[in-house]
């Protein structure tokens, strides 16, 4: 028998574990395989990039939840107008009306009603943001379930439609604060939750090795939403930048509302219902555009057809490198599929440690998003230190920092671990919250920097915590487990709303800011001290053994 020629060096397909061999190919076949590989890789990458961009568009719409900090004074003032009109129509206290009319004119009767204890106040506006986060907490697990049957595109459109419906119904509910909170708050929040996780899952499925960057980029859209919409809303409602001037409560001189007895301020309030209708249409169009770009990679993108699954090489080292990169991606995907079950995670100390830390930072999130404008009031002059236009610019800058913070802290989580990122974020935020009550008296620039820095830290939470869940429990856990972690925001939003009713009336917004600074400081110290959050590499393997 003639001796066989030595076999040519070949690279096997992913099926090589079963012993399958791959025949050699001619140089022309090799070049065709390489070019086909390159073209396919480019198409896949662009599809992934477009899917991430679609997720950004969706989150831009969802992020308009943070425009409530700008809208609150207008909406609450309009509610007070409706309530005052109702009180005037139903009041039998004619002697009060006659006395006030004789002393100071008819406008004083309006002021008498403006200080009525039954009227909604700015401190009550915290319940709106709290109810929105509560609805998001309920909607996120439903979104994870819905996308398994409906797919990401239809799930996002369903959530966006529910959100737009809630915003569109708001004008007919402004007469009742309870109904407004239920629909504009809870139901809109459920729509937000339904549409929130699907873009993240799509992005992480395309780029599982870049958890922090992908989650940061998509959720940066959440911060950009307020950046884009807050100035537009302020320009539509208040093009002349007229500041509120009515201070009906002597014990809280910084609590200012728009005066319905002033014709210019009344004209501002009458634009509120039309704004909600316009926003409803814009939200639905924006969500639909983003959802149309969402795509999910194939179930096993590393498996190729037999004819193109392997190539033989002689001197073509470039093709070898391409296949090696594909093997690395295959290993990453196999690791991504090894996800901890919900049952195992819910009984772990790590889960409840993350839940508690998100709760503590969630209190500061609610405070920063709801009360940043109130800290711009000079307590001595009872006036804002900035004009309405300047406040809108501060809000836009803060929203930009919100978006940038998600990218920056997410990138740090990728490079140094989520523990380092979360500890640095919370420590910096604590310092800013301690300083924020004293920022306005030092000047508008100082106030703007403090607010922007606070939003820079606020945004980081929404990229660091998803990155933490993916790092500890597996990337696929974002869909079914992050919703439970986000449940801490239900507790923190309700807890903050309770604090504003019980504590804020005593310690004021300055004391509340200091209290929130203590919460974020506790988060920073807990990350450093809790053994459940120690930065052990491969921590997830211990969970997998338990499951």
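Using the three backbone atoms N, Cα and C, a Cβ is placed for every residue, glycine included.
As recorded in Swiss-Prot, the features of this protein are as follows:
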- 21-33: compositional bias 'Polar residues' (COMPBIAS)
- 1-33: region 'Disordered' (REGION)
- 1-45: topological domain 'Cytoplasmic' (TOPO_DOM)
- 46-66: transmembrane segment (TRANSMEM)
- 126-146: transmembrane segment (TRANSMEM)
- 167-187: transmembrane segment (TRANSMEM)
- 189-209: transmembrane segment (TRANSMEM)
- 212-232: transmembrane segment (TRANSMEM)
- 278-298: transmembrane segment (TRANSMEM)
- 345-365: transmembrane segment (TRANSMEM)
- 385-405: transmembrane segment (TRANSMEM)
- 417-437: transmembrane segment (TRANSMEM)
- 445-465: transmembrane segment (TRANSMEM)
- 467-487: transmembrane segment (TRANSMEM)
- 515-535: transmembrane segment (TRANSMEM)
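The highest tally of CB pairs under 8 A with the transmembrane segment (417-437), across 167-187, 212-232, 278-298, 345-365, 385-405, is held by 345-365.
When averaged over the topological domain 'Cytoplasmic' (1-45), pLDDT in the model lands at 53.
The stretch from 126-146, 167-187, 278-298, 385-405 with the most CB pairs below 8 A to the transmembrane segment (46-66) is 278-298. Between the transmembrane segment (167-187) and the stretches 126-146, 212-232, 445-465, the greatest number of Cβ pairs separated by less than 8 Å involves 126-146.
As a quick check, the transmembrane segment (278-298) and the transmembrane segment (189-209) clear the bar of 3 or more Cβ pairs under 8 A, pairs 6 or more apart, so the two touch.
Same-chain residues lying 6 or more positions outside the transmembrane segment (345-365) and placing a CB less than 8 Å from one of its CB atoms are 133, 422, 426, 429, 433, 458, 461, 465, 468-469, 472-473, 477, 481, 484-489, 491-493, 495-496, 499, 516-517, 519-520, 522-523, 526-527, 530, 532-533, 539, 543. Using a Cβ-Cβ cut-off under 8 Å and counting only residues 6 or more beyond its ends in the same chain, the transmembrane segment (385-405) has close neighbours at 63, 66, 69-70, 220-228, 230-231, 234-235, 238, 241-243, 372-373, 376-378, 440-441, 443-444, 447-448, 451-460.
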